[in-house]
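Feature list (source: Swiss-Prot):
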- TYR15, GLY42, LYS109, TYR132, ASN188, ASN293, ARG389: substrate binding site (BINDING)
- TYR72, ALA108, LYS109, TYR132, ASN188, TYR219, SER247, PHE248, SER249, ARG258, ASN293: pyridoxal 5'-phosphate binding site (BINDING)
- LYS250: N6-(pyridoxal phosphate)lysine (MOD_RES)
Amino acid sequence: MALVNEHFLKLPGSYLFSDIAKKVNTFKITHPKRDIIRLGIGDVTRPLPKACIEAMHKAVEEMTSAETFRGYGPEQGYDFLIEAIIKNDYAPRGIHLSPTEVFVNDGAKSDTGNIGDILRHDNSVGVTDPIYPVYIDSNVMCGRAGVLDTESGKWSNVTYMPCTAENHFIPAIPEKRIDIVYLCYPNNPTGTTLTKAELKKWVDYALANDTLILFDAAYEAYIREPDIPHSIYEIKGAKKCAIEFRSFSKTAGFTGVRCGYTVVPKELTAATLEGERIPLNRLWNRRQCTKFNGTSYITQRAAEAIYTPEGKEQIQETINYYMTNARIMKEGLESTGLKVYGGVNAPYLWVKTPKGTSSWRFFDQMLYEANVVGTPGVGFGPSGEGYIRLTAFGERDDCIEAMRRIKNRL
């Protein structure tokens with residue numbers, strides 16, 4: 001008989017955002033006339049940039065002619081997009097990449113979840129806490145996370161590095177050696193960042209301990225302050241210890257279109273049990289050729305348009321719109337006496353719940369009293385207890401109204 005992967009049975013009954021959806025749906029059934037403002041899940045609301053739409057229309061037209069029709073594309077991505085990525089996202093920062101080091105995908109979530117395919121199941125894992133749930137869940141699925149302690153909410157083979165107000169949301173460098181470390185900056189969910197000096201400490205640690213850093217830079221386009229690195233490869237030596245994930249979802253509104261990319265440097269290696277060094281670029285390329293058929297041509301043409309002068313201008317307008325939302329929300333929440341972190345270099349606000357209220361309790365208060373949906377911080381890890389995450393991706397009027405409700409009703 002067929003046997004299941006029993007590691008899946010270790011996962012909590014449902015995904016965080018599924019639990020939120022169930023609570024919201026229950027509220028809607030019992031309060032059908034209430035107008036709910038959703039500031040929880042980080043989905044965007046602004047339309048795609050005009051440059052991307054025009055590029056997609058043109059690509060669709062190409063599909064109508066035998067001379068310009070495109071079928072299967074390269075699993076790694078089309079050269080035209082990869083070259084645009086390198087020219088615009090890396091070369092201006094003094095980072096040299098080969099086209100074969102960039103892998104176009106259908107969004108950063110896929111690759112951050114799948115990168116473990118090329119890594120042994122018994123590697124030790126380190127995560128900042130709180131953390132994007134996909135990092136933990138994907139390691140549980142392959143057996144790498146160990147056993148869940150239901151009381152603490154922690155997995156036995158995962159080292160948790162608390163990010164709290166007390167340490168300014170800067171994770172301490174581990175005292176012990178860890179095989180794989182996940183870093184996400186600008187951070188989801190806290191909206192905080194690391195300076196170059198702080199990120200350099202992690203690169204130095206990784207080089208000294210033969211640690212692999214999985215660096216999620218999905219929100220780098222929102223960085224405003226000058227000393228915040230946009231790429232881990234701005235740090236000397238990072239190509240020898242880090243894989244970087246990028247996404248067009250929040251940069252250009254591609255949450256429904258689906259496109260991003262992963263950088264796996266050729267000089268990055270990991271070891272076999274016998275000590276042989278294996279290039280991870282080679283393994284990831286092999287994995288993609290087997291399990292991924294590439295991102296669609298139409299989508300990649302849309303992504304290429306992001307890097308045109310018109311595309312850059314339109315994208316910046318959208319990013320400015322969301323960051324203005326973040327400022328309005330941050331100021332509104334602080335005016336009520338709430339302590340708010342993030343919202344400066346990222347579209348997320350990490351809000352301390354009042355009077356020691358638990359994350360889920362404050363979620364319920366916001367939903368039932370203000371009819372505003374956030375995300376309970378504890379859903380991102382044990383150190384998220386006592387916080388709630390709000391996103392700035394809503395419509396301007398909704399953000400303003402949500403702040404009014406929170407101020408007047410809570």
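Even glycines carry a Cβ here, placed using N, Cα and C.
Using a 10 angstroms CA-CA radius around LYS250 (N6-(pyridoxal phosphate)lysine), the binding-site residues that qualify from TYR15, GLY42, ASN188, ASN293 are GLY42. Across the structure, GLY42 (substrate binding site) and SER249 (pyridoxal 5'-phosphate binding site) place their CA atoms 10 angstrom apart. Here the binding-site residues are ASN188, SER247, SER249, ASN293, and the one ringed by the most other CB atoms within 10 angstroms is SER247.
The two recorded residues, SER247 (pyridoxal 5'-phosphate binding site) and TYR132 (substrate binding site), show a Cα separation of 15 Å. The sparsest Cβ neighbourhood within 10 Å, among the listed recorded positions (LYS109, LYS250, ARG389), is found at LYS109. Cα separation, TYR72 (pyridoxal 5'-phosphate binding site) to ASN293 (substrate binding site), rounded: 7 Å. A distance of 16 Å separates the Cα atom of SER249 (pyridoxal 5'-phosphate binding site) from that of TYR132 (substrate binding site). Look at LYS109 (substrate binding site): DSSP puts it in a helix. Binding of substrate is attributed in the record to TYR15, GLY42, LYS109, TYR132, ASN188, ASN293, ARG389, and the widest Cα separation among these residues amounts to 35 Å. Secondary structure from DSSP puts LYS250 (N6-(pyridoxal phosphate)lysine) in a helix.
Residues TYR72, ALA108, LYS109, TYR132, ASN188, TYR219, SER247, PHE248, SER249, ARG258, ASN293 are listed as the pyridoxal 5'-phosphate binders, and the farthest two of them sit 34 Å apart at their Cα atoms. Taking a C-beta cut-off of under 8 angstroms and a sequence separation of 6 or more, TYR15 (substrate binding site) has the following same-chain neighbours: PRO133, ASP137. Around the Cβ of TYR132 (substrate binding site), the same chain contributes THR112, CYS184, ASN188, PRO189, ASP216, PHE380, each under 8 angstroms and 6 or more positions distant in sequence.
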